[in-house]
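Below is one structure, written out as C-alpha cells, with a few remarks after it.
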Amino acid sequence: MAASRTATRTLRALRTSTRPALTAAPRAAFRQGGRRLYSSEPAKSGGSNIWAWAIGAGALGAGGLWYLNQDGASATPKVFAPKFDDYQAVYNEIASRLEEKDDYDDGSYGPVLVRLAWHASGTYDKETGTGGSNGATMRFAPESDHGANAGLKAARDFLEPVKAKFPWITYSDLWILGGVCAIQEMLGPQIPYRPGRQDRDAAGCTPDGRLPDASQAQDHLRNIFYRMGFNDQEIVALSGAHALGRCHADRSGFDGPWTFSPTVLTNDYYKLLLDEKWQWKKWNGPKQYEDKKTKSLMMLPADMALIQDKKFKQWVEKYAADNELFFKDFSNVIVKLFELGVPFAENSERWVFKTVNA
C-alpha cells in the first residue's frame, strides 16, 4: 500500500505542464492484495430540508430541482439549476474519496469507477436507441446481475456517500462523472463532461449480452462496437482502458492486471501487447495469456485479437509509439461512449474539471 501510494505521488511529481504529453513510468511496485469493499449501506441524509425532483434535466439544460426548505408548516420552493461550480464540487468530493479510500485493488477505487462508467454506457444500441449511460439502470436486477457487471457494486457503493451529499445529481450523471474523475486523477487526459442524464427505473434495464466478451476475438469485438457506432480505430483506442485495473477470478473468471501500473493511465497496454512474449496460462481458469518473462501480467483473447488483426494492429502500433496520440484519441472516444443515447439539451456545453490530486 505504501509503495503504491509513494509511486503514484512520484509519478505526479514528474508530470509535465502539458497533460497529453505525459509518458508515465511503470510503478516499481503495487499492492497485490488487501481488503476489498464489496458492499456498504448508502449514507443516510438528515435535517429538515427536502430535495425533490420537479424539473427534468432536459428542461433546464444541466438539471434542476425544487428545493423545499421546511420551517414549521411553511415550505418555500426554490428552483436549483446546478452550474459548473456545483459539478466541480462533486468532482472534488469523488477525488477526495479516491485519495482517502485505499482499501481496494492496488490501493485505488479509480479503475473500478472507470469500469462502472464504461459498462453503464456500453449497453447502447444505435438501431433501437436503447441502453447507454442515460438511466443508470444497473441499480436494478436483472442488469445488476449480468455477468459482465460482476463486482461493480463496489463502485456503486463507493459513490453512494457522494450521492447523499449532493442529492441533486442523478445517478446517471454521477456514475459518468466518477469515471471522468478517476481517469483524470489517475494521470490520464482531460475528459470533457456534460450533464443531462436522467435516471430510469427497472423497466429500462437492457438485455444481457450487449457488453464485450473478453473470451472472444475480433469478429465479436466488431459486432459489439459497431452496434454502438464505433469504428476499428475507436475500438483500439477504447481498449486502452485496460491499462487500468485487473481481472478477478471470482468475477469474470480471469485473473491479474494488464500492466505494471494498474492505477496510472498510460499507453503501456499497447507497448506490452507488442513487446512482451505472451503464452497461454496453465491454470484451472478460462483461457488467458500471461507474459513469459514475469508471469505476473495477463492478456485476454480479446486483447490479443488487437495484434492478430491487421486493421486493429496498425492502431496498436501507433498508440504504442505515441502516448500523446493515444491520450487525444482516448479522450475523444471515451466522451463519445459516455454520451451515447443521452438526450442532452440543445446547445449544452462540455466542461473540463480541474484535477485535485493529479
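Glycine residues also receive a Cβ, built from the backbone N, Cα and C atoms like all the rest.
From a predicted model like this one, the values you see are computed outputs, not experimental measurements.
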Listed range which Swiss-Prot flags as region 'Disordered', given the options 123-145, 192-214: 192-214
Spatial separation of HIS119 (active site, proton acceptor) from HIS242 (heme b binding site) - C-alpha basis, Å: 13
CB contacts for TRP258 (active site, tryptophan radical intermediate) [other CB atoms within 10 A, all chains]: 24
